[in-house]
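Comments concern the structure below.
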C-alpha cells in the first residue's frame, strides 16, 4: 500500500510540474505560436526577404543584432531598447555605437506582426526568426527556431561593454568570453563564420593591419590605403573579400591565407587549438553549415525570459 501511495504521489508531482511548465511557457518551442499567431513566421520571412533583395547587407546586420542581444544577459530583445530615464541602453555600447543597424527593419516587422497578432509575439523572438531568415536569403543554412522568449524591461550599456566580444580579442579572450555564455570552442569558430557576410569599420581592424604579424603583408597594405592610422574611422571594408553578401565558407578560406579582416578573426587560425576546425570548415561548407546551425540554436537559447518574466513589448524600442 505504501508503495502504491508513493507512486501515486510521484505521478501527481510529475503532472503538476508538467502543468506549471506548460502554463508558464518555461521552455522554448518551435510551435510556441501555433495557436496564438500561426502567421508570424511567414510575416517575418516576407518582410526580411523583400528588404534583403534591395539591401542584402541588412542580413548581416540582423544576424549581428541577434548575436549582440543574446550575449548581454540573454536573448531578451534588450539591444532594441532606447535609453530612458531609468537606464542607458546597449545601442551606444562600444560594439554597437554607430555600428549596429537594422532597428528600423525590426520596427517594421514588429508593426506587421502586431496588426495580425497584437501583444503576442516578442521582439526577442522576431530577432531570432529574422536572423535565421537572413542567413537563408543569403544562401546559408536554415534551422528550426525555438520560440517563446519574452522581452526584457531594462538594458545596460555597461553589460554590453562587458560581454560583447571585441575585435581586438586574442583567442584566449574569445574562449573565455564564449565559455561565460556556455559556448564551446566549436561554437566560437562556427559562429565566427557569420563574418562571411557584412562589413566592418576601419576603427575595428586598424590595429590588426598596422600592428599584427599574423596577416598577409600585401593584404594589410591594401587595407592601409583605405584605412589610415588616424581618421576615417567609419570607412567600411568587406569582412569576406570575395563573397560579402553570400553566406558561404570563404571566411575560413581567407583565414588560411592570413586574410582575416579583424584580429579576432585571424586569431582563430593562429593557435593549434582552433586551426583544425578552421581547416575543416574551409574544406567543406556542409560541415560548417551543420555546426553553424547547431551553434545558433544553442546561442539562441542563452538565458531567455519565459513564463511571467519580462513582457511582450508593443514597441520594441520602449518598455510598455
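Placed from the backbone N, Cα and C atoms, the Cβ positions cover glycine too.
Listed features, source TrEMBL:
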ACT_SITE  68  active site, proton acceptor
BINDING   69, 72, 74, 76, 78, 90  Ca(2+) 1 binding site
BINDING   165  substrate binding site
BINDING   196, 240, 243, 248  Ca(2+) 2 binding site
DISULFID  37-117  disulfide bond
DISULFID  70-75  disulfide bond
DISULFID  123-316  disulfide bond
DISULFID  202-227  disulfide bond
DOMAIN    27-320  domain 'Plant heme peroxidase family profile'
SIGNAL    1-22  signal peptide
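Residues 68, 70, 71, 73, 75, 77, 79, 124, 152, 155, 160 surround the recorded Ca(2+) 1 site, their Cβ atoms falling within 8 Å of the Cβ centroid of 69, 72, 74, 76, 78, 90, which are themselves excluded. When the Cα of residue 316 (disulfide bond) is compared against those of the binding-site residues 69, 78, 90, 240, 243, the shortest separation belongs to 78.
A 10 Å radius around the C-alpha of residue 70 (disulfide bond) takes in these binding-site residues out of 78, 90, 165, in sequence order: 78. Cβ atoms within 8 Å of the centroid of the Cβ atoms of 196, 240, 243, 248 (the Ca(2+) 2 site) belong to the same-chain residues 197, 242, 244, 246, 247, 249, 250, 251, site residues excluded. Of 123, 165, 240, 248, all annotated as recorded positions, the residue with the shortest Cα distance to residue 68 (active site, proton acceptor) is 165. Along the domain 'Plant heme peroxidase family profile' (27-320), the predicted structure has mean pLDDT 96. For residue 202 (disulfide bond), the nearest neighbour among the listed recorded positions (37, 123, 196), judged by C-alpha distance, is 196.
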